[in-house]
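Below is one structure, written out as structure tokens; the observations come after it.
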Amino acid sequence: MEGPEIQFSEAVIDNGRFGKRTIRFETGRLAQQAAGAAMVYIDDDTALLSATTAGKQPREGFDFFPLTVDVEERMYAAGRIPGSFFRREGRPSTEAILACRLMDRPLRPAFVKGLRNEVQIVVTVLAINPDELYDVVAINASSMSTQLSGLPFSGPIGGVRVALIEDQWVAFPRHSEMEKAVFNMVVAGRVAGDDVAIMMVEAEATDNSWNLIKENGATAPTEEIVSEGLEAAKPFIKALCEAQADLAARAAKPTVEFPIFLDYQDDIFEAVNAAAAAKLTEVFQIADKQERDNASDALKDEVVSSLSSKFDGREKEISAAFRSVTKQVVRQRILKDQIRIDGRGLTDIRQLTAEVEVLPRVHGSAIFERGETQIMGVTTLNMLKMEQQIDSLSPVTRKRYMHNYNFPPYSTGETGRVGSPKRREIGHGALAERALVPVLPSREEFPYAIRQVSEALSSNGSTSMGSVCASTLSLLNAGVPLKAPVAGIAMGLVSDQVDGQTRYAALTDILGAEDAFGDMDFKVAGTSEFVTAIQLDTKLDGIPASVLAAALKQAREARLHILGVLNAAIDVPDELSEFAPRVIAVKIPVDKIGEVIGPKGKMINQIQEDTGADISIEDDGTVYIGATNGPSADAARSAINAIANPQIPEIGERYLGTVVKTTTFGAFVSLTPGKDGLLHVTELRKINDGKRVDNVDDVVSVGQKIQVEITKIDDRGKLSLSPVVAEDAAAADSAEAAEPAEAAAN
């Protein structure tokens, strides 16, 4: 019996001394009822299935393209059973959601404008080498299946991750190789003539970048180096696009004619343009956002009212045309006059304010304002056992720094759903997190779990980069010793034909309207020395790398200005808040871990109960002690040291011990945790007026503190004790006082 015909193509990525990677695209075997399906392999041991399907009818009432991208992480792909209660996959992991965004962002602009049929792309991870990162493979898989589906799609789109390792940009790096990388970028693009146009960038400095740069002399990811990385990604993207195009030419379905719903017809655009263009020019010279929005809404109502009788039943088209005319007015003013909506020049930054310690009791807090964008950052510190546990296909199983971003509807003066975070909020939190991770202190330097929350209280452009700035302030206020402060800025781009030539204008610190009416949202975060994170989204089919390089340099000037404002508010870490827990680290021999824990956890539980501290022990012998105050932490440290780093007791040493048990032949006294001695019944006579002791409990009781002296240590290390009576203690004190006096006399 003959099976289905399988067709394939391959892209071989040559990384020189780092070896070759083979990306194989295959179709014809799996998911044959989907409109388009493709299996994509990387080096034969990681396999993803991408399936693209489309609804048969357009979605009614939709004025946008209903594209859905999903990633299904199957735990069997890594030979694991899910760790959830029901032992099956549930809601998508954060990594899966971020992978969805990586695919959606370059794919969405490539669909024909006006498509209203629902399109769904589902990528399922079927097999994975734990050392591989699957997200960038998923970009290529989703592009491949969409090309095969017969949808109106201007692919192929290639995606590649390049990492700067030992001064070389390496494509498709493995997790193990990323430990030596200082910077990594996911770049997606398409072939445009003889060049590659970039459609999406997601980049960050690595966790180890600071140490690699400062201690090992690795190349810092400056704007120039990042620009080189964008150029280095182009040949890889081209090879991936060519492999996809080769398979699509042989196996793709014919493009289906789908109904296209234009936002408006030409006759309505001409009427709206004639009625509103001149007035809109005046409206968009108003600097204040609310006043400008109110004037724009009033003009829109006026235009709709005046034209509705002429274009009966086409009010939606009039509204859409009004938005298009607004966009045209704003863009032409920027390109021709170099003046923006609020009257700023292309490189001007709005008014900045920065303030720390804005909330009581929390461990760290700050507010950062840029124009009408207002972000509050709040930092919480806790024991390392509170770090996030991760159950995903990634080899990363825990995360010490957790950055959450909240965008309530009131931040834009609207109503809406509140509750669990949406994909956008997860993406913005991840971006701010990546911007700050490279400058965080190590676990050894600062043994705390850190949760950073960014509250977008007011939004008019780039709340994610505002979150980076507010977080820098808040972390320093909480006492986190950052290696360097980080600031972020959002850049925009407007491009159009002016006098027969394509002209580009890069905008610094974009407004929300400039984001909506522009062609690019380009976010750049970093220190004064290098870039720590980048995110690029575009509405165009691609942007020349030279334009992006110029925008990077423009962003650096803005970043340095913002860093000056942050440093004026707080330039060194504050003292830890009195409400923050105190965490200290103790190193003990690995073979002593069992003694500290004790049988069934008896010893460690006893220390925690006695001191009120929380204790966690790492496999390497590092013990983290957390307590609400310093004395509790110090007491726990002393108790642990007494067990794991003990001094050998000697005859004659005195201790203030605690009676832990009484027997017919005496009392056991605890000197230090794990070290007890016997106070024999005959010795108890010394504290019973020399009388015979018939019942030990009549003389001492469990829990009683008693001063004792070690009188004997037998061959097995057993300690014999004697009580220190008042006369003995006084004599000992006199002898100790006499010794320095005699020394001085001599």
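Cβ coordinates come from backbone N, Cα and C, glycine included.
Asp521 (Mg(2+) binding site) falls within a strand segment according to DSSP. Within its own chain, Asp521 (Mg(2+) binding site) has Ala490, Met491, Gly492, Ile510, Asp515, Gln535, Leu536, Asp537, Thr538 as residues 6 or more apart in sequence whose C-beta sits under 8 angstroms from its own. Summarising the annotation, Swiss-Prot assigns Mg(2+) binding site to Asp515, Asp521 and lists sequence analysis as the type of evidence.
The annotation domain 'KH' is assigned in Swiss-Prot to 581-640 on the grounds of sequence analysis. Note on the domain 'KH' (581-640): its mean pLDDT in the predicted model is 88.
Taking H, G and I as helix, E and B as strand and the rest as coil, DSSP gives the domain 'S1 motif' (652-724) the counts 8 helix, 37 strand, 28 coil. The domain 'S1 motif' annotation in Swiss-Prot covers 652-724.
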Per-state residue totals over the domain 'KH' (581-640) - DSSP helix, strand, coil: 32 helix, 16 strand, 12 coil
Local backbone state of Asp515 (Mg(2+) binding site), from DSSP in three classes: helix
